[in-house]
Every structure is written in structure tokens, then in C-alpha cells.
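Colleague: According to TrEMBL, the coiled coil annotation covers 13-40. Under the heading domain 'Potassium channel', TrEMBL lists 57-119, 169-254. The transmembrane segment annotation in TrEMBL covers 70-91, 97-127, 164-186, 192-214, 226-246.
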Amino acid sequence: MLCGAAVFSAIELPTEREAKERWEERLENFTRRHNLSRAELRHFLREYEEASVAGIRVDDIRPRWDFTGAFYFVGTVVSTIGFGMTTPATVGGKIFLIFYGLIGCAGTILFFNLFLERLITVIAYIMKSCHERQLRRKGALPHNSRWGSGTSEVDSLAGWKPSVYYVMLILCVASLIISCCASAMYTPIEGWSYFDSLYFCFVAFSTIGFGDLVSSQNIKYESQGLYRFGNFVFILMGVCCIYSLFNVISIVIKQSINWILKKLDCRCCHKCQRKLFRSRRNVVMPGNVRSRRNISIETDVVNESDTDGRRLSGEMISMKDFLASNKVSLAIMQKQLSETANGYPRQMSSNSKQNGFSGGVGALAIMNNRLAETSVDR
């Protein structure tokens, strides 16, 4: 956030100052030309700002609160886009918006998670079929075999899942195609440049929703019904793809951070191990903790018994081993919570760790299913 603020401030602040200077100069010339006081003119401009909040513009625009306008408004509410060009002005409307937003936003997030899960399922099926064809060409699979048959080669591929990087690439390409097609539609109809149309697509699809550019706001369009339907479809598809892409990118960022922390932790553990070995000979060394970084929770429970045996022998235990044993207990509890939330025992495999997907694939399911892995990997 600090880096982003510094970059945007350096880029946008000079333009803001120039615009403010031009506006002050125009305001001064207008008051002098029409013999008006600055106070009266500012009061009139404040009244126009209030009218603008209610949906009044200098140019003719579509009604904000007819049924189609209200439907567009609730779409921006439940999708959390929130362009801001239409807002409730009455107390009743604001109260209803609070309760409607609670239910509508929650339902839409659930829809996005289910969409992500189904999308990953389709991508996994397609990529698995391509992977099967490649293996058959190389002769690793019999031509008459199917997934889940009794051969050892097929059994070893039964739990195969696509790499998270391939899924991220597919979602990037899909989002780019949707944005380019939508921009080709917005450019001639809305009168925007193609770059502004791409900018609007990202702001809308990512649910940032600044409101500086908003589609389907003019009072009349050519082929109006078809355009509004296309606008609805593009926004729906774009929001779903960008939301899915954000979730997959978050997994990649998480894996990168864990890899960096693991590298730093290995170096720190190596240095601490040397110091402890020189200072305290009777302390249990944390080497077994470091050697179990990539082992599953089930094997951690077995290895924990070794630590307990040394503890009963009267030897002292280091603080690192004490924290590690608590971390194993916490990982077991989180694993049980994950299995209870998903309704089935969770099967872990080396493939699931490598590709970044294990268990469910929705945004919430990804978080729940990787709690145990995160606890042990760290």
C-alpha cells in the first residue's frame, strides 16, 4: 500500500494541481464576466452537486429508478462493484439497502465460489484428458484403459489434478478475451477510446467500481435491448473470471511467500542449531523438526512420539521443540475442522501439494483445505 500510494501520488498529483488551477481561473473569469459574487456561485454549484448525487446531469441520461435502472443498481450492489452513479436518497431506501446488501452480497459470493469450483472441475477434466492422450502416445498407458482402472499406471494418475499455474494462465487468457470483446462493443456504442474501454472492463470486472466510466447510462442507444443484454452478459462473465483469477493468484502468492519463508527458516535453523550445540549439550536438538517440513500431518503424529519418549527420559527440551509439538497439535485440530466442514475425510497426496489444489477448490474451500498444510509448512 505504501508503494502504491507513492506511485499514484507521483503520477496523479501534478494533474490534480493543474486541474485545480484551471478551475480557479475559470471560476474567477465567470464571476467577473457575469458580475457575480464567488459566494453565490459556490452556493449554486453545491446545489448542483446535490442534484448530481440524486442522478441529475446536464445531458439527458436514462432514468435511475425505473425498473431497469433499479435492476442495474442492485446488480452493482450484490456484485460489490458499486459504481456510485446511483445511490438511495431516502431514509427507507438506505435502511433497505443495508439488509438487502447483507443477503445479496453473501449470496453473490457463494455464487462466485461455486462458479470457481465448477470452472476448475471443467478445466481439470479437459487437462486430464489431454494428459491421458499424451501418456498414451508415449506408451505409458494402454490405449483401451480408462481413468480409475486396475493398472498401476492408471491408479497412480487417479488423483491427478492440473497445476495451479496452468489454471492461472487459462483464467488470464479467458479474462483477456472477454475484456477485449467487451471493449470492442463499448468503444463504438459509448464513444470511449479502446484503452478507456479496457480500463472500464478491469475496474468493473474486478469490482473496484470507481464510477468515472459507467456503461449503459445514455437515454437512448442503437439496438438498445441487445446492447443492454450484452452489457449484462459481459459484466457477469468478466466478474466471475476475474474473481476466480484473483483466488488462484492468491494461492500462487501464498506458495511464493511460503517458499521464501522456508528458505529463510532453513538458514536460521542451521545457524541456531550450531549455537545450541555449542552452548547446551543436554538440550534436545530441533533437527527432527526441520527434517519433517514436508511430511503430512499423519506422519507428524508418529514422529511426535519420539519427542515424547525423549521427554520422559529426563532430558531437557528446547523451546523450539515445545512450540513444534504445540504446532502439531494445532495442525491436527485444524485438519479435523477441515474434514468436518467438508463432510468427508481429507486425503492428502504429493500431487495436491505440488499443484496447489487439495480438497475443495472454492475460495473458502481452498482456505479450509489448506489450513493443515500451512500449519506444518511454516
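Every residue gets a Cβ built from N, Cα and C, even glycine.
Keep in mind that what you see is a predicted model, and the values were worked out from it rather than measured.
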Colleague: Does the transmembrane segment (70-91) reach the transmembrane segment (164-186), going by 3 or more CB pairs under 8 Å (6 or more apart in sequence)?
Modeller: no
Colleague: With a Cβ cut-off under 8 Å, give me the same-chain residues at least six positions beyond the ends of the transmembrane segment (192-214) that come close to it.
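Modeller: Residues packing against the transmembrane segment (192-214) from afar: 76, 79-85, 175, 178-180, 182-184, 186, 234-235, 238-239, 241-243, 246.
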Colleague: Let's see if you can do this one: DSSP helix, strand and coil counts over the domain 'Potassium channel' (57-119), in that order.
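Modeller: Going through the domain 'Potassium channel' (57-119) residue by residue, I get 41 helix, 1 strand, 21 coil.
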